[in-house]
Amino acid sequence: MRKLKYNTTRVILMIAFISLSACSSEDAMIEEEQVIPDPDPVAQTDEDTGPVVDCTNQGTNPTRDTDIPNPRNIGDIDDRSCYANYSESSILGKFWGIYNITDGSNHMDAPNTLQPRIERSLSRSQATGAGSYARFRGVLRILEVGDTGTFSSSGSYFMQAKGKHTGGGGSPDPAICLYRAHPVYGDDGNGNQVQVSFDIWREQINFRGGSGSAGRTEVFLKNVLKNEQIDIELEVGFRDDPNNPGQTLHYADAKIGGEEFNWNIPEPERGIESGIRYGAYRVKGGRAQFRWANTSYTKDEVN
C-alpha cells in the first residue's frame with residue numbers, strides 16, 4: 001500500500017512539472033514574438049545642417065588636388081572650396097562621395113572671379129570619328145543647392161560636358177552643356193519653407209564657346225525629390241549624321257532617373273574632344289550639397 005501511494009505521488013509530481021515547463025516555454029515564445037517598435041526612429045542622413053560659412057579650418061585645403069586615399073568616386077579631384085573637403089559616407093546601402101560648397105568659398109582663384117567647386121574630371125576622348133565617346137554613370141542624391149532669389153544666378157551644377165574646339169572663341173577649356181539643379185520649396189511640417197525638390201535644367205551653348213545669356217540657353221528637363229536616389233548617365237561623343245552622309249554629329253546624351261534627354265551640340269565640325277566633369281559647382285547664395293555613388297567611366301576613340 002505504501003509503495004502504491006509513493007508511485008501515485010511520483011506520477012502526480014511529474015505531470016505537474018511537465019505542465020509547468022510547457023507553460024513556461026509557451027510564455028517565452030509569446031515574449032519572443034512581441035516586437036516593440038521604435039517610438040522615434042532616426043532616418044539615415046548625411047546632410048550638413050550646420051551654419052553656412054565661407055571657410056572652415058578643416059575645409060581649407062592647400063592645393064586643388066587634395067583628396068582622400070583611395071576614394072570610391074572615380075576621377076581627378078578639383079577642390080576649389082575652403083568650406084569642406086571631399087569625404088565619404090556609408091548609408092542607404094551605398095558608399096557616397098560628399099560634395100559640399102558654399103557661396104564665397106573659392107580660396108584658390110582671384111576673389112569675385114570663378115565659382116566654388118569640388119568636381120572630378122575624367123580623361124577625355126580625344127578622337128572625333130563616329131563611335132568615339134566618353135560615358136559616365138553614377139547615382140546622385142541632391143540635398144541642397146544655391147539660391148539667390150533670382151533664376152539666372154540660382155541653382156548649382158552637378159555635371160557638365162566639356163570639350164575644346166577649333167577656331168577660337170570662349171574659354172580655353174569650354175563647357176558644352178551643364179546640368180543645373182534649381183530649388184523648389186515646400187513646408188517642412190513646422191511652417192518653414194525648405195528645399196523639398198529640384199528642377200533639373202540643361203544649360204547648353206548656342207555656339208562654340210558660348211557663355212552668358214546670349215551664348216547659352218536653359219532647357220527644363222525634369223523635377224526630382226530631395227534625397228531621391230537618381231540613376232545618372234551622360235555620354236558625350238561623335239556619331240554619323242543620318243541626314244548628311246560622310247558627316248558626324250557631336251552629341252551630349254543624358255539619362256536622368258530613367259528618362260532620356262538627348263542633344264546635338266552646335267557646330268559639330270569644330271569639336272575636337274569629348275569630356276565630362278561631375279561633383280558640385282557654382283553656388284552664388286547659400287550652400288550646395290550633392291552625393292555621388294557607384295560612379296563608373298568608359299571611353300572609346302575612333303579616328
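From the backbone N, Cα and C atoms, a Cβ is placed for every residue, glycine too.
In the three-state DSSP assignment, the secondary structure recorded for Tyr157 (substrate binding site) is strand. Taken from Swiss-Prot, the feature substrate binding site applies to Tyr157, Ser211, Gly212, Ser213, Ala214, Gly215, Arg216, Tyr281, Arg282, Val283, Lys284, supported by experimental evidence.
Swiss-Prot lists Cys55-Cys82 with the feature disulfide bond, giving a large-scale study or a structure entry as the kind of evidence. Cβ environment of Cys55 (disulfide bond): Cys82, Tyr83, Ser105, His107 lie under 8 Å away, each six or more residues apart in the same chain.
Annotation source Swiss-Prot lists S-diacylglycerol cysteine at Cys23, citing sequence analysis.
Feature annotation from Swiss-Prot assigns N-palmitoyl cysteine to Cys23.
The annotation region 'Disordered' is assigned in Swiss-Prot to 41-74.
Residues or ranges marked as signal peptide in Swiss-Prot: 1-22.
Within its own chain, Lys284 (substrate binding site) has Asp103, Gln115, Gly146, Thr148, Ser153, Ser154 as residues 6 or more apart in sequence whose C-beta sits under 8 angstroms from its own. With a 10 A radius on its CB, Cys82 (disulfide bond) counts 23 other CB atoms from all the protein chains.
Between the two most distant C-alpha atoms of the annotated substrate binders (Tyr157, Ser211, Gly212, Ser213, Ala214, Gly215, Arg216, Tyr281, Arg282, Val283, Lys284) there are 21 Å.
Ranking the binding-site residues Tyr157, Arg216, Arg282 by C-beta neighbours within 10 Å puts Tyr157 at the top. Secondary structure from DSSP puts Arg216 (substrate binding site) in a beta strand.
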